[in-house]
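These features come from Swiss-Prot:
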BINDING   HIS80, ASP112, GLU169  Zn(2+) 1 binding site
ACT_SITE  ASP82  active site
BINDING   ASP112, GLU145, HIS355  Zn(2+) 2 binding site
ACT_SITE  GLU144  active site
Amino acid sequence: MKNKLPPFIEIYRALIATPSISATEEALDQSNADLITLLADWFKDLGFNVEVQPVPGTRNKFNMLASCGQGAGGLLLAGHTDTVPFDDGRWTRDPFTLTEHDGKLYGLGTADMKGFFAFILDALRDVDVTKLKKPLYILATADEETSMAGARYFAETTALRPDCAIIGEPTSLQPVRAHKGHISNAIRIQGQSGHSSDPARGVNAIELMHDAIGHILQLRDNLKERYHYEAFTVPYPTLNLGHIHGGDASNRICACCELHMDIRPLPGMTLNELNGLLNDALAPVNERWPGRLTVDELHPPIPGYECPPNHQLVEVVEKLLGAKTEVVNYCTEAPFIQTLCPTLVLGPGSINQAHQPDEYLETRFIKPTRELITQVIHHFCWH
């Protein structure tokens, strides 16, 4: 029953107090099971049907889908349950204790983005879900901060096709309709070690990598010349060489060299297209030195994302907020949810506070966020 639902600030406090860190390092990684249980119980109290799904390939992580209403279409409100690890010693407050001070709510996940679920629950307190004319779905995902495994799995397996979706990442309540993607690769070259006094008896992996880097930088120039999206502050795909390591001694021919790089593609560029461009760029090295160069993913790739600017969702949200949609350079789960329905990224708090010590959400976002959630539910589920 709704009268069992705690006050807004107590919901927020309980979410922050329930650790759900995701990390590639196993020692830091945590299950989100306790947080999912909290959310599931609250949405059941509001009259929602709740389904909890294990996410394959994760360390005991779960998605939750809460649904009410019948028929096709409707609205999906989505967010992730996990946070990044916190920097021990750099926080001046307990990351897992919600603390209010000087118009700010402090705690790990206040902005990015456990708080969004507190806003949804509080807004639904005054909504009679039995009278919805179209379905309302609430999706809570796992591992957004690492592999985005939760959103990927949901998009791959669900039969739902809502009319539209909103992901409540911290955008300072400025609607976002597009962002770049992210691809990160390891380029590895296997040479042949030997004594440096006789270079002909070995194959120097550093020299081969030098050749490969030249072709990769040509690809970077080609991407900049060929692809443009003027709405972005950096209106072309970027390519960065971020890490390199090779060899072990000055008097030894280098046997192995490894380069880490990333590409941030524009919306509309497919992952297959980018992989093809990279492989084509490195083809001369492979032809000259067959079998010595490999390209491997460092992290699962994220495509670029764009919601059609003329979609009803964009028009409605722009009218409600009195603000035009924007494009951003960071990544979200939107590319995966967008495969199901037109999607906007829109939520309280600033991205500038995400992943920072003493993360906070300004209390000035409380009233307009609650009003916005209520308005979009009324528009897309009652009309």
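Even glycines carry a Cβ here, placed using N, Cα and C.
The structure displayed is predicted, hence computed values, not measured ones.
What Swiss-Prot annotates, mapped onto the structure for a quick look.
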residue : record                : DSSP (3 states)
HIS80   : Zn(2+) 1 binding site : strand
ASP112  : Zn(2+) 1 binding site : coil
GLU144  : active site           : coil
GLU169  : Zn(2+) 1 binding site : coil
HIS355  : Zn(2+) 2 binding site : coil
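Geometry remark: HIS80 (Zn(2+) 1 binding site) versus GLU144 (active site), CA distance 6 Å. The recorded positions near HIS355 (Zn(2+) 2 binding site), taking a 10 angstroms Cα-Cα threshold over the set ASP82, ASP112, GLU144, GLU169, are ASP112. For the recorded Zn(2+) 1 site, residues HIS80, ASP112, GLU169 set the reference point as the centre of their Cβ atoms, and the other residues of that chain within 8 Å of it by Cβ are GLY79, MET113, PHE116, GLU144, GLU145, ILE167, GLY168, PRO170, THR332, GLY347, ALA354. The shortest Cα-Cα distance between GLU144 (active site) and any of the recorded positions ASP82, ASP112, GLU169 is the one to ASP82. It is GLU169 that, of the recorded positions GLU144, GLU169, has its Cβ surrounded by the most other Cβ atoms within 10 Å. With every protein chain in view, the residue among the binding-site residues HIS80, HIS355 whose Cβ has the most Cβ partners within 10 Å turns out to be HIS80. Here the candidates are the recorded positions ASP82, ASP112, GLU169, and by Cα distance the one nearest GLU145 (Zn(2+) 2 binding site) turns out to be ASP82. ASP112 (Zn(2+) 1 binding site) sits 9 Å from ASP82 (active site), taking the C-alpha atoms as the reference points. The most densely surrounded of the recorded positions ASP82, GLU145 is ASP82 (count of other Cβ atoms within 10 A of its Cβ). Cα to Cα, ASP82 (active site) and GLU169 (Zn(2+) 1 binding site) are separated by 12 Å. Close to the recorded Zn(2+) 2 site, the chain also has THR83, VAL84, MET113, ALA354: residues not among ASP112, GLU145, HIS355 whose Cβ is within 8 Å of the site's Cβ mean position. Its own atom aside, the Cβ of ASP112 (Zn(2+) 1 binding site) has 27 Cβ atoms within 10 angstroms in the protein chains shown.
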